[in-house]
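Reading through the structure tokens given below for one structure.
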Amino acid sequence: MEGQTPGGGGLSEKPVPTATGPGLSSLGAVFILLKSALGAGLLNFPWAFHKAGGVAPAFLVELVSLVFLISGLVVLGYAASVSGQATYQGVVGVLCGPAIGKLCEACFIVNLLMISVAFLRVVGDQLEKLWDFLLPSAPPAPQPWYTDERFTLTLLCALVILPLSTPREIGFQKHTSILGTLAACYLALVIVAQYYLRPQDLAHEPRLASSPSSWTSVFSVFPTICFGFQCHEAAVSIYCSMRHQSLGHWALVSVLSLLACCLVYSLTGVYGFLTFGTGVSADVLMSYPGSDGVVIVARVLFAVSIVTAYPIVLFLGRSVMQDFWRRGCGGAYAPRALAEASGPWVRVPLTVLWVATTLAMALFLPDLSEIIGIIGGISSFFIFIFPGLCLICAVSVEPIGPRVKCCLEAWGVVSVLVGAFIFGQSTVAAVMELL
């Protein structure tokens, strides 16, 4: 895809857009991309293996999805170089037109907002279990006031999440992403070790599904995979922040990140499913006894992993709100401090607004585990549909050979169709469960 001359057999690479002061190393890009994908979906993979009917069907779906996941990341990097934009929504708006761009912005805000709420709910659940372990009490006795979720989550957002979310560039997250990635890897290792060590509380033999209950149960895994591997929203911002910006380099970063992510997800899914079988919970940590010290450490570290992933999601959602600000309030008559959307007078209030909104939703809305399918369905837009549309539009204006152009357009159409199917199937299934 690199270094092709006009009229040749490949895609021509154009100068890529750069964010303010680009300097993200390849290793930093790998960790940020990896941490963007290693989120709350890690807890759902053993349950997804159960829903798929066993290890073999789930592995097959995961491998097929991996092809689209990697190609989507590479396409987004190429689309960024063609469009000259440094944000996901900017790339879609320039290549696919303003109407599709508005749809992308709407899906972007809704998806990232719900992901942020889901992250806070997961952290709240882990903190609740941690307090039950540290301060055991008889059922009639109430827990101390400082263990209340409303107090602990608010304090966590004010003292940890908000400071991590205020920096201007996403490259700052490379330091916290390393810590979050190690925490997610520890959780996977604990699940593997628990399977082989078999503590006394897990001595029973699990009942394993031998085959899928129906063909639709196999497809029900796709929303969990989309929810788990949703790093595509950050792809353009990461690509434009890299020190070495080339499609070949970006493809290598994408492959390494998703292969490492696939390894962690697969280990968690396989051994979590083999440990509990058909009785595995949607949150695999809830299936383990609350008194196990190793599992308690895993809970704490996984909460750390989620806390370090939240600022990346907020950064992406804030970029859309900053675009709204530039179009609506950043005109020539605006005060100088408010004219720059990335300045502290605009960036910090938007960050506080995002954290406060998601915190309120996490505290007062019902359990979000039932709408994971909806979040995964919306994520299919960013993994399949929008990259497919960008590829079709990008190759239509590029001087490439007719055979290569035909093949790329066909792949773009396939991505759009697969994404539309996943969105429809997962959304209908999730709505039916809610009803």
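Cβ atoms are placed via backbone N, Cα and C, with glycine included.
According to TrEMBL, the protein has these features:
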- 24-47: transmembrane segment (TRANSMEM)
- 25-428: domain 'Amino acid transporter transmembrane' (DOMAIN)
- 59-79: transmembrane segment (TRANSMEM)
- 99-120: transmembrane segment (TRANSMEM)
- 178-197: transmembrane segment (TRANSMEM)
- 217-239: transmembrane segment (TRANSMEM)
- 251-274: transmembrane segment (TRANSMEM)
- 294-317: transmembrane segment (TRANSMEM)
- 345-365: transmembrane segment (TRANSMEM)
- 371-397: transmembrane segment (TRANSMEM)
- 409-432: transmembrane segment (TRANSMEM)
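If one looks beyond the transmembrane segment (59-79) by at least 6 residues along the same chain, the residues whose Cβ comes under 8 Å of a Cβ in the stretch are 1, 11, 13, 33, 52, 88, 91, 95, 218-219, 221-222, 225-226, 229, 231-232, 235-236, 239, 247, 250-251, 254-255, 258, 262, 265-266, 383-384, 387-388, 390-391, 394, 411-412, 415, 418. Using a Cβ-Cβ cut-off under 8 Å and counting only residues 6 or more beyond its ends in the same chain, the transmembrane segment (294-317) has close neighbours at 32, 35-36, 38-40, 42-43, 88, 108-109, 112-113, 115-116, 119-120, 122-123, 126-127, 129-130, 133, 156, 160-161, 164-165, 170, 173, 176-177, 179-181, 183-184, 186-187, 190, 193-194, 233-234, 237, 285, 288, 351, 354-355. Beyond the transmembrane segment (217-239), the same-chain residues lying 6 or more positions past its ends with a Cβ under 8 Å from any Cβ of the stretch are 16, 19, 24, 29, 32-34, 36-37, 39-42, 44-45, 47-49, 51-53, 57-58, 61-62, 65, 69, 72-73, 76-77, 79-80, 85-88, 90-91, 108, 111-112, 115, 170, 245, 250, 254, 257-258, 261, 265, 312-313, 315-316, 319, 372-373, 375-377, 379-380, 382-383, 387, 422, 425-426, 429-430. With a threshold of 8 Å between CB atoms, the same-chain residues lying at least 6 positions outside the transmembrane segment (371-397) that come near it are 11, 44, 68-69, 71-72, 75-76, 78-79, 82-83, 88, 91-92, 95-96, 100, 104, 107-108, 110-111, 114-115, 118, 220, 222-227, 229-230, 232-233, 282, 404-405, 408-409, 411-416, 418-420, 422-424, 426-427, 429-431, 433-434. Residues of the same chain lying 6 or more positions beyond the ends of the transmembrane segment (345-365) and with a Cβ under 8 Å from any Cβ of it are 113, 116-117, 120-121, 124, 149-150, 153-154, 157, 161-162, 165-166, 168, 314, 317-318, 321-322, 325, 337-338. For the transmembrane segment (24-47), the list of distant contacts is 73, 115, 118-119, 122, 170-171, 173-174, 176-178, 180-181, 184, 187-188, 191, 224-225, 227-231, 233-235, 238-239, 241-244, 249, 252-254, 256-258, 260-261, 264-266, 268-269, 271-273, 275-276, 280-285, 302, 305-306, 308-309, 312-313, 372: same-chain residues at least six beyond its ends, Cβ to Cβ under 8 Å. Long-range neighbours of the transmembrane segment (99-120) within the same chain, counting only residues 6 or more positions beyond its ends whose Cβ lies under 8 Å from a Cβ of the stretch, are 39-40, 88-90, 92-93, 153, 157, 230, 233, 306, 309-310, 313-314, 316-317, 320-321, 323, 354, 357-359, 361-362, 365, 368, 371-372, 374-375, 378-379, 381-382, 386, 389.
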